[in-house]
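Chemist: I have a structure here, written as structure tokens, and I will follow up with some questions on it.
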Number of protein chains: 2
Amino acid sequence: MDSEHRHEAGANQVPGQLKGFRMTRDRRIILQVLRESGIPLTAEDILERVNATMPDIALSTVYRTLDELVSRGSMQRTLLSNDGHAFFELVGHAHRHYMVCLGCHQMFPIRKCPVEDSVDSAAEDLGFEVTDHSLVLYGYCRHCRSGRQSPGSDQRIR
Amino acid sequence: MDSEHRHEAGANQVPGQLKGFRMTRDRRIILQVLRESGIPLTAEDILERVNATMPDIALSTVYRTLDELVSRGSMQRTLLSNDGHAFFELVGHAHRHYMVCLGCHQMFPIRKCPVEDSVDSAAEDLGFEVTDHSLVLYGYCRHCRSGRQSPGSDQRIR
DNA sequence: CTCTACATGCAAATGATTTGCAACAAGACA
DNA sequence: TGTCTTGTTGCAAATCATTTGCATGTAGAG
């Protein structure tokens with residue numbers, strides 16, 4: 001082994017650090033699905049959409065790709081449902097905040113954060129330095145509002 | 001079977017509705033643990049603390065009690081960590097909002113919601129009727145702020 | 001004290017996610 | 001282009017939190 005002239009996968013690889021990332025066909029498709037989606041997706045959501053384009057990608061590959069991207073910081077994992085599903089979305093495309101409809105169980109992105117500053121300053125009064133926050137609104141979307149009998153007849157998400 | 005004079009567990013029991021709830025020794029202890037805790041707990045947290053007082057309660061009993069209370073509306077389930085654990089807290093004691101420290105991974109309750117109205121009205125402009133919301137702040141607590149080398153050296157919770 | 005619905009323990013079942021392993025392929029370099 | 005190394009994939013088995021079936025135990029009304 002030529003120890004003073006070995007191959008380096010990345011430009012500045014540090015021992016014990018992140019390994020090289022290869023842009024494979026599978027990953028390209030997975031990323032495209034995430035780029036095209038306006039809302040966070042679960043691993044199975046992604047597989048479903050990926051297979052519409054290019055079948056025979058394993059679920060474990062989807063999970064591994066997502067993990068990889070999360071640890072590289074370009075993907076975000078958000079827990080929103082109470083049935084144990086994790087949702088993922090690209091950081092660049094992250095809307096950060098969502099409204100979840102308790103009627104149809106769909107998620108609607110909120111473009112701009114309605115709480116930005118008030119939150120941070122309130123917490124900082126308590127000695128807490130805020131670096132991030134998550135906000136989810138629960139309720140009923142335009143469609144479910146109209147056809148709805150009474151609140152509470154639906155099962156809770158949260 | 002005496003169908004016109006049968007026992008009714010609760011005062012106003014409706015067929016197909018909630019069944020009777022019995023306050024057993026196990027449940028009393030579980031509830032006490034939750035009452036004494038200032039922060040949401042996982043099922044295993046609860047079992048751990050319960051067993052300090054009264055050993056030999058099964059984990060499945062904890063889960064069943066929590067489910068029971070959630071479906072009765074006196075307990076709240078909140079997903080906060082990304083490692084797949086569900087957190088529970090009594091509704092009466094619910095602070096609703098928390099600060100999670102990325103340094104020591106502790107949770108600190110926020111007494112009053114800093115965003116109440118602004119959130120609701122913003123969403124309602126989009127045709128969404130808000131019935132509830134969840135807010136979590138991430139950052140560093142007073143203690144971790146001082147002894148901290150550089151942000152990012154800790155593993156992310158979310 | 002009796003009786004019945006509800007609660008519990010245990011072990012097995014679920015369901016999402018992770019991992020071991022052998023086969024494969026991307027990208028650097030000759 | 002061919003070789004070589006490291007990263008990637010599929011498959012099946014392993015994990016881990018949570019749920020459930022079933023037989024047994026008990027709270028609480030009468």
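Cβ coordinates are placed from backbone N, Cα and C, and glycine is handled just like the others.
Computed from a predicted structure; not experimentally measured.
As listed in TrEMBL for this protein:
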| type | residues | note |
| --- | --- | --- |
| BINDING | B:His95, B:Glu116, B:His133 | Fe cation binding site |
| BINDING | B:Cys101, B:Cys104, B:Cys141, B:Cys144 | Zn(2+) binding site |
Chemist: Between B:His133 (Fe cation binding site) and B:Cys144 (Zn(2+) binding site), what C-alpha distance do you get in Å?
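Modeler: That separation, Cα to Cα, works out to 28 Å.
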Chemist: Can you filter B:Glu116, B:His133, B:Cys141 (the binding-site residues) down to those whose Cβ is less than 8 Å from some Cβ in chain A?
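Modeler: Filtering B:Glu116, B:His133, B:Cys141 for a Cβ under 8 Å from chain A leaves B:His133, B:Cys141.
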Chemist: Where B:Glu116 (Fe cation binding site) and B:Cys144 (Zn(2+) binding site) are concerned, what is their Cα separation in Å, rounded?
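Modeler: Cα to Cα, B:Glu116 (Fe cation binding site) and B:Cys144 (Zn(2+) binding site) are separated by 28 Å.
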Chemist: CB neighbours of B:His133 (Fe cation binding site) within 10 A?
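Modeler: Other Cβ atoms within 10 Å of B:His133 (Fe cation binding site): 23.
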Chemist: Which of the three DSSP states, helix, strand or coil, fits B:Cys141 (Zn(2+) binding site)?
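Modeler: The residue in question, B:Cys141 (Zn(2+) binding site), is coil (DSSP, three-state).
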Chemist: Counting only residues 6+ apart in the same chain, whose Cβ is under 8 Å from the Cβ of B:Cys101 (Zn(2+) binding site)?
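Modeler: Listed in sequence order, they are B:Met107, B:Phe108, B:Gly139, B:Tyr140, B:Cys141, B:Cys144.
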Chemist: Enter the number of other CB atoms within 10 angstroms of the CB of B:Glu116 (Fe cation binding site).
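Modeler: For B:Glu116 (Fe cation binding site), the 10 Å Cβ neighbour count is 13.
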